[in-house]
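First comes the structure, then the notes that go with it.
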Amino acid sequence: MPTLVDILYRITIAIASILIVGGVLVACEFSVLINAIVDRMVALRPGAKTFGWWAKPPVEPHISLYIYNVTNADDFLSNGSKAIVDEVGPYVYSESWEKVNIVENDNGTLSYNLRKIYSFREDLSVGPEDDVVIVPNIPMLSATSQSKHAARFLRLAMASIMDILKIKPFVQVSVGQLLWGYEDPLLKLAKDVVPKEQKLPYEEFGLLYGKNGTSSDRVTVNTGVDDIEKYGIIDQYNGRTHLPHWTTDECNHLNGTDGSIFPPHIDHDRVLHVYDKDLCRLMPLVFEKEVMTSNEVPGYRFTPPEWVFADVESHPDNMCFCPAGQPSCSPNGLFNVSLCQYDSPIMLSFPHFYLGDESLRTQVEGISPPEKEKHQFFLDVQPKMGTTLRVRARIQINLAVSQVFDIKQVANFPDIIFPILWFEEGIDSLPNEVTDLMRFAEQVPPKIRVALIVGLFALGVALLLLSTFCLIRNSHRQSTLHLEGSNYLATAQVDMNKKQNKDTQPARY
C-alpha cells in the first residue's frame with residue numbers, strides 16, 4: 001500500500017506533467033490568444049481609443065503638387081512644335097481629416113461623411129498660391145474631344161461659340177485657381193443653357209474644386225466587431241455596394257478600405273485593396289518588402305502591381321476597365337477615369353509615367369525619366385494591427401486630347417496625352433501614443449510567450465525529475481528496510497529454532 005509520501009510525490013509528478021503540457025499549449029496556442037486580444041482592441045467600438053483615432057486621426061497629412069507649366073504654348077499651336085513643360089513645385093498643403101455625422105448601424109457597420117480641410121503651407125512650397133502657370137484648358141479640350149464623333153454642324157457651332165467667348169486651348173491661371181477653381185466661360189454657358197438634370201454639380205473649374213470641406217459622399221464601413229476579416233472594409237458608398245462604371249462585378253467591387261486601416265494579421269501573400277472615389281476603382285496593393293519606421297515599428301510595404309495600369313495585351317484581366325462604347329482601351333501605363341469625371345477624357349498614371357510606356361513621356365519635352373524612389377505609390381502597414389504607418393499616394397493627372405479639324409481653335413492640337421500635374425499625398429509617421437501601442441503589440445507578446453514556454457517547461461521538467469528521483473529513492477529505501485526486516489526475522493527464527501531444539505534434548509547425567 002503506497003505511503004503518504006509516495007502519494008505526495010505522485011501528485012507532484014502530475015503537476016509537473018501539467019506544467020509541461022501547459023508549455024506545449026502556450027507554444028501552440030498563445031498567438032491565437034494574442035490575436036483575439038488584438039482583434040478586440042482594434043475593432044471600431046464607439047468610445048474605444050482606437051475608434052477615436054479612426055474618427056479623427058492624430059496625424060497631419062500633406063499633399064504636395066507638381067504642375068507641368070507649358071512654356072511654348074504659342075509655338076505648339078502655330079508651328080506644330082513639341083510641347084515643352086517645366087515641372088514647378090511642390091505646392092504643399094497640410095490636411096486635417098475627420099469623420100463626421102457618424103452613425104452606428106445594426107448590422108455591424110458605421111456610416112459617416114469625411115471632412116478634409118486643406119491649409120496652404122507656403123513655408124514648405126516653392127512659392128505662393130499666386131504663382132502663375134500655363135496649362136491646357138481642360139473644360140474646352142474636354143468638350144472638343146467629346147465632339148469628335150458628333151455631327152459636323154455641332155462642331156462648327158462649338159467653334160463659333162468659342163470664337164465669340166475668346167476661349168483658347170491654354171489658360172494662364174494661378175496655382176490656387178487651377179486647384180480650387182476659377183470661372184470658366186464654357187461652364188458658365190452650360191449653367192445657363194443645359195437642362196437642369198444634365199448640369200454639372202459645380203459652377204467653376206478646379207482640380208480640387210469642392211474638396212475643401214465636408215464631402216457629401218456617405219460611406220459605410222464594417223466595424224470588425226462581428227467579423228474581424230471585414231474590419232474597415234467598405235460596405236456601401238452612397239448607398240451602393242458596387243460601382244456602376246465597369247463591365248463586370250469583379251471590377252465594380254467596393255470591398256476595400258480607405259487606406260488608413262486594414263483587417264489585421266497581414267502576411268506577405270495578402271493583397272490589400274484601397275478605394276478612393278477619384279481613382280474610380282479599387283487599387284490593389286501587393287507586398288514588396290519589410291520596412292522599419294523611424295519609431296522602430298516594423299511594417300510591410302505594399303505597392304500597386306506592375307499590371308495595375310497595364311494595357312489589355314499585357315494583362316487581359318484589365319479588359320473590364322475599358323469604358324463601354326469606346327473604340328480602344330487605355331495605352332500601357334494609363335487608366336481612363338472619364339466615367340467618373342463627367343466624360344472628361346481624364347487619364348491617370350503614376351508620376352512621370354512610371355511603369356508606363358516611354359512614348360508617353362516623350363510626347364512632350366521637359367519630363368525627366370521616372371525614378372522609383374520619387375514616383376512610386378506605396379503604403380507601409382503594421383501587419384499585426386493592420387494600421388497604416390506611412391503613405392505616399394502618388395498619382396499624375398493627364399488629359400487625353402483628340403484632334404478635331406472642324407474646330408479651328410484646336411485644329412493644330414494633335415492627338416496627345418497631355419500631362420497636367422502630379423501629386424503625392426500621405427503621412428510620414430504616427431504619434432508616439434499610437435506607435436508605442438504598436439510596438440507593445442509587436443514586441444511584448446513574443447517575449448511573454450518565450451518566457452512562459454521556458455518557465456513552464458523548466459519548472460515542469462525540474463519537478464518531474466526531482467519527484468521521480470525522490471519516488472525512486474523512497475521506494476529503494478522501503479525495499480532496503482523490508483529486506484533488513486526480513487533478514488532480522490529470519491535470524492530471529494533461526495535462533496528461536498535453535499533454542500527450541502536445545503530445550504527438547506534429554507539431559508545427560
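Here the Cβ of each residue, glycine as well, is placed from N, Cα and C on the backbone.
Automatic, uncurated: that is what TrEMBL annotation is.
These figures come from a predicted structure and were not determined experimentally.
What TrEMBL says about this protein:
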TRANSMEM  7-27  transmembrane segment
DISULFID  CYS251-CYS320  disulfide bond
DISULFID  CYS280-CYS340  disulfide bond
DISULFID  CYS322-CYS329  disulfide bond
TRANSMEM  450-472  transmembrane segment
Identify, among the disulfide-bonded residues CYS251, CYS280, the residue whose Cβ has the fewest other Cβ atoms within 10 Å in this structure.
CYS251
Which same-chain residues, if any, lie at least 6 apart from CYS340 (disulfide bond) yet have Cβ under 8 Å of it:
HIS245, LYS277, ASP278, CYS280
Let me know how many other Cβ atoms fall within 10 Å of the Cβ of CYS320 (disulfide bond).
16
Number of other Cβ atoms within 10 Å of the Cβ of CYS329 (disulfide bond) across all protein chains:
17
What is the interatomic distance between the Cα atoms of CYS329 (disulfide bond) and CYS320 (disulfide bond), given in whole Å?
10
What number of additional C-beta atoms lies within 10 angstroms of the C-beta atom of CYS322 (disulfide bond)?
18
Rounded to the nearest Å, what's the C-alpha distance separating CYS251 (disulfide bond) and CYS322 (disulfide bond)? Just drop the number here, would you?
10
